[in-house]
Amino acid sequence: MSDEAQMSVSRIELLSDRVNPIVVKEVRQALRGDAFFKSLWGVLMLSALACIVALTFVSSTNQVEQFGVGFFSTVYVCMCIALMALTPIGAFQSLAGEWDDDSFELLVASDLGPGQIIRGKLLSALVQGGLLGVAFLPMLAVALSLPGLDVLAAGSLILMLALGSSAATSLALGIASVARRRPVRILALGLLVALTLALAVSLIQFGAIVIVDPGELFDYDVLAALATLGSAAIFFAGYAVLVAQAQISHPEENKSSALRIWTVLAMVLGVAICGLVHLVGPTRSDVLEIAVPMVLVGVSPALFTFATESKRLPRRVEYELRSGRGGLSADLLMPGGARGLLLAWVLVPMLLLVASIFGVLSGDLGDLSPTFLIAVYLLTYLSLGSLFVRLVGGSRRTGKLRVGFVLMVIASMIIPSVIGSTLGSDSIASGHHVFNPFWVLSEYGGQDLDLFDLAGPLTVFLYMGLGLALLINLPGIFAAIRHRRRLRRQG
Amino acid sequence: MTAILEVERLTKTFDGLTAVDQISFEVGAGEICGFIGPNGAGKTTTMRICATLELPDEGDVRIGGHSVLEEPRYARHRTGFMPDHFGAYPSTTVEEYIDFFARAQGLRGAKRLSAVGDVTEFTGLSPLLGKAVSGLSKGMRQRLCLAKTLLHDPKLLILDEPASGLDPRARVELRELVVALAELGKAVLISSHILTELSEICTSVAVIELGRIKAHGNLKDIRARLSGAGRAFLRCMESPEQVERAMAELPGIQQLVREQGGVSFDYGGGDEILAGIVTRLVTGGLRPVEVRQESADLEDVFLELTEGQVQ
């Protein structure tokens, strides 16, 4: 090797020191192994073949002005399959492979933290996805040179594909991190394949609309939907990465604070989108229609997870608090079920306060009462979950209790239906009752729900449930806060 | 001797089964501690807790004075853990494998290159750097894992069954490597089923059964504690028969056996007693040319201490 070559090698070595070690290893493995090149060549051959077929078809219809659209659509379908399916599945296999190959513990016992491991896996999957994407560049260039293609629409679709692929890859890592046993892993992989293919098909269908009529991109409804879906994708991707980190971290490390911060950020993001949508012009009820489902579908499972955490602070966290290195200043962000419940009780009314401000700004307060009732409804469910954990179990059984609570929620939907059926009420028998969150949500979304008129006694029951849960959990909350203060003083 | 590893009242249960029950022991710098016990005794669980891979229900492990529970990353910095079985990444060469773990240990630039060079030379892997990991023999894989374990120059080495599945030559070579590492001042906690090999290299042992430590310390001391006796070999200018007759008359001598031109015997007590025996023999006219305290047999100690119970 010449001196110049040696110098460039050492420069590369030095540069590679700045990169996550897992990225270096996995890219090396990919470039050395067969699987990556087989995928690359397979996808390229397929897309080249598909392009020839598409061009032949378009030329046979004499629509020369649509050459660009036909060619790009074909390349885009192939890119969707490659980036939405192969990249996430590759990331899943990469993390799952650590358990299959018995190499996971060597990784954990090294100096790499859980964040570095998951970020490394994510980045290396994205780098490999990027390499697949780069391979399509010549074909994209050909598409752009052909007549009929709207560059902005094509660019937007590719951007969406990149975002979708990144989100799906993050989700794949989150799923892989919880599927350590082989049977679970096989099931999870099946689920992931189905999910990524469904996402790919959705993107292809959306692309087919936009590429034919680029004006659709600037439709208000489409923009609002894209903003909501985009922020939801970012939220779920971040959440999946944090869940994966928590899954592989040391049992005594803080698995909660990062997730809690992310949940708060997601809520702020949701509110910001609502504000944006509100500013653009539609009515306040549209804003609430977006905000409340976002809370129920997105944030409440996270809050439920926090509300059912073990109460005891992990020793590692206690140590960090004592030594003052924790940087965890707010009690609400600390691990522990009581603090989790407190976080829920603070965040949900805050969101509704923002919703009220929108109402005041728009001068339309008529629909706010059901909104507040929805909040009480949500908080009661979260509180009952925490109550259930407090009454039934210890810290080691929290995982089983979470499953138990989900079953309890399902039972609360089914049992009233059975009772309704016995009493001869067709409406209750078919799930039209306030214990069924899916019905409540759909009714609220459809603006057909007036809970005050519908179920006065049940409303009282909900308030009573919330009050009882508050009363029972308050000592726990104060004890948790006192415990943390004591640790700070010990430090 | 400064304790590098301190295990304090460690307890771990799995689904109601107590795998490790209130065990405590220490390993000092330069010490090779053999961790022995029947299958299912709790060896691997203890080692995994020490390597921060498992969480104890009670107790703690301190490495260089720092808790593995409170400061797991500090513990990982100072510990090299070699599990009983481990995977190797496909499509990776020996050099890439070691280079990856060097990066994973936070080594950068020249330090990383130098560490990779040092450990591959120490473990004899230098000629195999370009070879695929998947093509290595079992012995070479063990060396590879040991090389990875040594990259960050840990103060404590935890080796779980490192000799399992190795051929006799590879075992001898691995033994030599472990001794060389202890001579560099590292504390070594090593488990193995091959007791004869451990007895040759260990400076102390911890015997565990049903999750409890049955004995811990110097092998000779453990034997002395068990039987209240030491064992020695004596060769004199006179014939072994003469020596045997003379010794038979002395008090406190047991298990007299003629061997290798001399006699082996158990004596009740420590160095003072042995010195007294030799003085009396000299006074009685015998001319000793070799007196040697014999190391206790690890297998005997193990069999005496354990009952073969499994849980």
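Any Cβ shown, glycine's included, is placed from N, Cα and C.
Annotations in TrEMBL come from automatic prediction, not curation.
Per TrEMBL, the feature transmembrane segment maps to A:35-55 (among others). Beyond the transmembrane segment (A:35-55), the same-chain residues lying 6 or more positions past its ends with a Cβ under 8 Å from any Cβ of the stretch are 67, 70-71, 73-75, 77-79, 81-82, 86, 128, 131-132, 135-136, 139.
Per TrEMBL, transmembrane segment is recorded for A:67-86 (among others).
For A:122-146 (among others), the entry in TrEMBL reads transmembrane segment. Residues 20, 22-23, 25-27, 30, 36, 39-40, 43-44, 47-48, 51, 67-68, 71-72, 75, 78-79, 82-83, 86-88, 90-91, 94, 154, 158, 162, 165-166, 169-170, 172-173, 241 of the same chain lie 6 or more positions beyond the ends of the transmembrane segment (A:122-146) yet place their CB under 8 Å from a CB of it.
The transmembrane segment annotation in TrEMBL covers A:152-174 (among others).
The transmembrane segment annotation in TrEMBL covers A:186-211 (among others). Long-range Cβ contacts of the transmembrane segment (A:186-211) within its own chain (Cβ-Cβ under 8 Å, at least 6 residues beyond either end) map to 69, 72-73, 76-77, 80-81, 84-85, 88-89, 92, 96, 149-150, 153-154, 156-157, 160-161, 164, 168, 171-172, 175-176, 178-179, 217.
Summarising the annotation, TrEMBL assigns transmembrane segment to A:223-246 (among others). Within its own chain, the transmembrane segment (A:223-246) is flanked in space by residues 95, 114-115, 117-119, 122, 160, 163-164, 166-167, 170-171, 173-178, 217, 255-256, 258-259, 262-263, 266, 269-270, 273, 276-277, 280, 290, 294, 298, 302, which lie at least six positions past its ends and keep a Cβ under 8 Å from the stretch.
The transmembrane segment annotation in TrEMBL covers A:258-281 (among others).
Here TrEMBL flags A:287-307 (among others) as transmembrane segment.
Summarising the annotation, TrEMBL assigns transmembrane segment to A:342-362 (among others).
The transmembrane segment feature in TrEMBL is assigned to A:368-389 (among others).
As annotated by TrEMBL, transmembrane segment applies to A:401-419 (among others).
The transmembrane segment feature in TrEMBL is assigned to A:460-481 (among others).
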Residues of the parent chain within Cβ reach of the transmembrane segment (A:67-86), under 8 Å, 6 or more residues beyond its termini: 39, 43, 46-47, 50-51, 53-55, 57-59, 129, 132-133, 136, 139-140, 142-149, 154, 157-158, 161-162, 164-165, 168, 193, 196-197, 199-200, 203-204, 207-208, 211-212
